[in-house]
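Worksheet for the structure shown next.
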C-alpha cells in the first residue's frame, strides 16, 4: 500500500516537472498534454524513438528539449530491463567493437618495431655526434691554416718594403714555394673530401641565377645571433638567408653561437622562399658530405605521386609529410607572421564601418581596410579569410558501425537513486547557495576596493590634516601589499609554530605493538601462507597498511621478490612509505620506497614498495607476470578506483598462471563477501577494531541548506555536549573555507565567555604542515572541530573525535559519454560511507553521529554502496592501456562491476579519432607510443604531435604545468593584487602560452622561490612541474624523440595543442559566450583567462569547470582550418551548397527600437 502511494506521489511530481518544462520552453502548461508526453516517454527507450513519436503526434521540439524531457521521465519510469541472458546476447551483437579477438602477439610485434626504431635513431644520433666532432676538428684546422696564412702575409709586407730587386726575385720564388707548401699543407685528403662534398650539392640546372626551393647549397656564415645565423650563398653573390636556431641540428641548440661562428663554411637547404627572404636549414643536410637527408622535390601540377609518397604538395603549394603522430606536417617558414590575417567582413559589418566613418566617429585612414590608392572607399582584401563552416564527421569506422553516438542513444550515468528525493533537492539547492555566497563575497571585495581613496598622498601634502587621516592613509597603503595575508580564522588555526605530524610519547616499537593487528601477527602470516588470495577486513587505524608488509618481510617473503602495496592516493603512498621506512629502520628509498606518477623513490635494494594503483597497472603493461613481486597487496580496495577495478581482473587471471604469487585485498568496510566471491570464494581475515558504541541521530525533517545546518549543529555540540572533538564532513575546498569563516564569525559573536573552538580544515590542496595540525590534541579547556572532505572517512585516523556531523554528501566525478564531458557533481553518499563516517566517532570512546537527513532518506535515497569509478568516469586511458596489453574483448573481460558499453564505445571512438586505433579497432604504432606516457590520451597525442611540428620543448613544459593543477595563488583578501600580477604573464594566444611564459620567467630567475612569492605563484606547484617535465623528458629520451624548440613560432605550438584536444573546440556564439563544437553546449571563458577580454572566434579548451556557469579552463586561440587538417576523422568542412546544422539551430534576433520593448514591433495575433 505504501509503495503504491509513493508511486502516485512520484507520478504527480513528474507531471508537475513536465508542466514546468513545457511552460518554460513552449509557453503552455496543460496537464493533459504533460500526461500524454509522459506516456510517450515511458514507451520510448531512446531519444531518437521519443523524438519520432513526438513528431508523429505533431510536436516539433528542439533536440536538447527532447533529451531533457526523456531524462526526466526515465528518472521516475526507467525503461523495462531485459533478462540478463538476452542482455548479454544483445550486447555481443549490438557492440561488436567491444568483442574483438585479443591480439597480444600483434602488440608485442609493435613493441619490438618501436624499440628497433629507437635503436636506429640512437645509432643515427651517435653518427651525428661523431660527425660533429670531426667537423669541429676540421674547423680548428681551417682556423689554424687561416692564422698561418695571415702571418705569412704580414711577413711578405715587411720584405716588400725593403725595395731591392734581388730580394724581390727571391720573394717571388719564395711565394711560389710557399704557395706550393700551403697547398700541400691543406692536404690531398682534404681536397678529395671537398670534391666528395661537392658531388652532393645540386648543380645549377639551366643556369638558374637564384636559389631554388629544396635545393642544397654551400655557403658561409656572415652574421651570428642568439636566435640563428645568416648564411651567404657561395654560388649566388649578394644572396643570403636565415637559419633559425631550431633548424641547425637534430639535437637542441639553445644559442646559435654555441654551434656556428662567423666565416664558417656550411651546407644549407632552402626550405622556404618569401619574396627575397630565404629560410634555410642545416639539420636536413649532412654537413660532412653535403647530402640532403630529407629530399623533397617540387612536383608538377600533373604529378599524381602525392597519393603514394609520404611527402606531397597541397593545393596551395605547401609540401607536407606524415610524422610519427600520423598528422600531415606542412613545411612552413619558421618566422612568425608579421600580422594576423584579416577575416572577411560580413555585409552588416561593412555597413556598420561605413556608417561610423560617415558620422565622423572613425577616421577613414585609421580603418585597416582603407584603400589608400583608390577612391577612399573600403575594399575587401584579396585573400581575406572566408568564414569557415565546420561540422562533425559522422562517418563511422568499420569496427564501430552502428554503435557510436550517431547510432545509439548514450545516456549519462544515473548517480541519484531517487532524482526527486530530498537529498537530490538539497544537493541542487546547495549549488545555488554556494554561487550566491561567492557573488556576495566578490561584491564585498569590490566595495572595499572602491572605498579606498584614489589619492593617498593628500594627507601628507595637507599641512593641517584631519585627526587620524594620516594614520588611515598609512593603513590603506598596505592594502594588497602582502601576498599571503591569511584570514583571521586561518591565523588562529595555523598562525603559531607549525607541527609536522601526530606526536606520541611511545617509542616506535611500542606504537606498533599497540595496534590491533599486532595480536594477530602469527595468524595473519599463516593465513597468507595457506591462501593464494586473502581478503583482510579491518577498521581504519588497525595497522593493515603499515604492518602487513613488514610482517611478510620478516616472514621471509622478500627472498622470492618484492612486496608491493597499492594506494588509491599519491599522498597516502608517500606518507605511508615514509612511516614504514622509519619503523623498518632504513632511509626512504632503500629497503622501503614508493613510486607515484612522475616520481620514483626506490632503489636496487627496495623490498617493500608502496605505489599508486595506476603505477602497478603500468608495471603490468611492461611485465604482465609481475615477475619482480612475491606478494601484491591491494589496499583500500573498498574505494573502487578505476585502476583498482582493472587490477582486479588482471590479477585474477595472473593468479592462475603464477601459483607462487600471493594476493591480499584489504578493505575498511564490511563488503568483504563481494570481494571474496569475486576472487574464487577465498577466505576472509577479520581484524577486530577498537571501536565503541556510536549513537546515531537523524533529523525529523529534510534540511534544505545542509551547510548552515552543519554549522548550527557544531555550535550546539560545542555549547551543550561534554568535551570531545568534532568532525564535520563537507564536499570541497570552497565549502570548507566558507564554513570555517562563518563558524569563526559566529563564535566571535558569542563573546569571550564561551570556551574556545579551534577550527581546522582538511583538503588535499592544503600544505602538509597545516594538515598535520589536525592530529594535535587541543589544549585543556578547548575543543577542536575538523572540517574535512571524505578523505577523513578512511584515509585519515584522528584520535579524540567523539562527535561526527554528517550532511550526507560528497563530490563525485561523473562522465557523460554523450557529451564527452566530465564534471564534479555533489551527490548523496552511500549507506556504506554513512556507516564509515559514523564509525569515526567511536574510535576513542562512546560517541554520537548527527546525520543531517531523515532515516527515510538513508534507507530509500542512498545506494547500499558507492557507484564504482569505472562506471562513472571517462575510460579513455583505461581502454588504451588494456589495448596496449592486447586485450580487445572488453565485453568478456572479468570486471567486478562492468562499465557501461556506451562508455567503452565512447572511449574507443575518441582513441580512433586520435589515431591510436585503426579501422579494425586494433592498436596502431602511434597508440602504443601514447600508452608509454603516463598521461591522458589527448595529452600523449599532443606531445607526439609536437615532435613532428618542431615544438616539443614548449609542449613538454605546458603539459607539466597543466598536470600540477592551479599554479596561481589568489588569496581572498588580496584578489585584486594577485590578478594584477597574473595579468603580467598573459599571452594574446591563450592560457597554454601563459603557463609557458610563467615557467620560462621562473627559469630566467634561476628557479627562485622569492620570485614566486612576489608574483602570487605557488612555488611548490612549479617545482612539481619541473619534476614532471624531467620524467617526461626521460621517456622522450628512451625512445629518442626529438626535443626541439619552436622559438617565437607560436603557430606550431597551437597546432600541437589542437592535434590533441580538437574535440574540445568551441566557437563564439553570436548571442552570448561560446558553443562547443561537439554538443553545441553553451560555455564561457573564465574571467581569470588571458582571453577573457579578447573573446576570439575559435578556441580550444583543456577542460570544463562548472561553477556559476560552465567555464572553459586553459583556453587557446586556434584557426578553424587546423581542425580539419589535424583531425580529419572527427571534423569536416560543411557542404557550401547546404545549410549547416549549426546555422539551422542558430536563433536569429530581429532588430528592434532600443527605446521600446523588444517585441513591441510584433502585430497582435488576429482572433477569428
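Placed from the backbone N, Cα and C atoms, the Cβ positions cover glycine too.
As the structure is a computational prediction, the values presented were derived from the model and not from experiment.
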631-634, 635-638, 639-642, 643-646 - the range that Swiss-Prot marks as motif 'DEAH box': 635-638
Region 'Disordered' according to Swiss-Prot, located in which of 23-60, 213-250, 251-288, 289-326: 289-326
Protein Cβ atoms within 10 Å of residue 544 (ATP binding site), excluding its own: 27
The motif 'DEAH box' (635-638), counted residue by residue under DSSP: helix, strand, coil: 2 helix, 0 strand, 2 coil
Rounded mean pLDDT for the residues that make up the domain 'S1 motif' (214-283): 84
Output field, ATP shell: CB within 8 Å of site CB centroid, site 538, 539, 540, 541, 542, 543, 544, 545 dropped: 515, 516, 517, 668, 687, 689, 797
All-chain count of other Cβ atoms within 10 Å of residue 545 (ATP binding site): 25
Assigned conformation of residue 538 (ATP binding site) - DSSP reduced to three states: strand
